[in-house]
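*Asks:* Take a look at this one; I'll ask things after.
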Amino acid sequence: MENGDIPEDANEHCPGPQSESAGKSDSCAGCPNQESCATAPKGPDPDLVAIAERMSTVKHKILVLSGKGGVGKSTFSAQLSFALAGMDHQVGLMDIDICGPSIPKMLGLEGQEIHQSNLGWSPVYVEDNLGVMSIGFMLPNSDEAVIWRGPRKNGLIKQFLKDVYWGEIDYLVVDAPPGTSDEHISIVQYLLPTGIDGAIIVTTPQEVSLIDVRKEVSFCKKVGVPVLGVVENMSGLSQPLKDVKFMKLATETGSSINVTEDVIACLRKNAPELLDIVACSEVFDSSGGGAERMCREMGVPFLGKVPMDPQLCKAAEQGKSCFEDNKCLISAPALKSIIQKVVPSTVMTE
């Protein structure tokens, strides 16, 4: 065990061997390292110096957070990184969702591996100006479960920060898991001394998600991370009418019959102009005011809404940018508007 590292066999919520409460806090009870931690000399973590050196070549650091899982946080992180790279910035995307690393899939990098050089671990590159680091590159296969306690997760996050060689980059986007637990405490503890521009928090419109997002905003305020703003993702389902599937329900049996071809043929014959109209539907209950109202109440910026767009889902599944081929006609403009608020001095290229 290196000086300052948390032992792998430590209890969950270990304060760390260099903490003043090491071996003395309630979470230390029953830990096999309790006595050695209590008597060990305390001092600053030497790895923080190594992390500061690595981060000295990174101009801006943005955390992407969510209180609730399944709100599209990783999709947003991926598209934010694609967008920044499309502005000709040098971009790094670090995935610290240790147990659910979806970034390799969303960047089209499944099956890639990490390589080591004399400068450290090399990110896996999508383009020359977009590198990615994730535990997903270290697993023998994508179905392998990561069953780690907090100390081991924290150790890997520290290793990502001090051992990965990004070179000179403009933005480091950190995709964090949902919640406010070990990974969040670690990334803030290690990065805050080097400067964090702030956090973008992703939510969906319904109150069951906003309850947890309020906790995320509170977390940022408590640890001193500026909230750059909140994104309301999956804000209604929007798609061109010609892409909608029409079903005729049989109320007695509960089955349905696909009548899409008949409806489209009827529209094409009698009202062809309607085929260019976008159909919108509220999927989640936003009667409580959604993220916009929450932002007003909590005094944080509201960045905007991104509708559910089947084409954006397809781009994420295929590991592609939604800004490339003009297929994401509904979601791409919304994302572009939000990203320009985060990076106001830069105009996105078409």
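Numbers here mean position along the shown chain, with the first residue as 1.
Cβ atoms here come from the backbone N, Cα and C positions, even for glycine.
From TrEMBL, for reference:
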type: BINDING; residues: C14, C28, C31, C37; note: [4Fe-4S] cluster binding site
type: BINDING; residues: G67, K68, G69, G70, V71, G72, K73, S74; note: ATP binding site
type: REGION; residues: 1-44; note: region 'Disordered'
*Asks:* So what sits near C14 ([4Fe-4S] cluster binding site) in its own chain, CB-to-CB under 8 Å and at least six residues off in sequence?
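*Replies:* I6, P7, S27, C28, C31, G150, P151 - these are the non-local Cβ neighbours of C14 ([4Fe-4S] cluster binding site), listed in sequence order.
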*Asks:* Let me check the 10 A CB neighbour count of V71 (ATP binding site). How many other CB atoms are there?
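*Replies:* Other Cβ atoms within 10 Å of V71 (ATP binding site): 23.
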*Asks:* Give the sequence-ordered set of same-chain residues, not counting G67, K68, G69, G70, V71, G72, K73, S74, with Cβ within 8 Å of the centre of the Cβ atoms defining the ATP site.
*Replies:* S66, P178, V202, T203, T204, S209, N233
*Asks:* Beyond C14, C28, C31, C37, what residues of that chain have CB atoms within 8 A of the centre of the [4Fe-4S] cluster site's CB atoms?
*Replies:* A10, N11, P15, P17, A22, G23, S25, S27, N33, Q34
*Asks:* Among all chains shown, work out which of the binding-site residues K68, K73 has the most CB atoms within 10 A of its CB.
*Replies:* K73
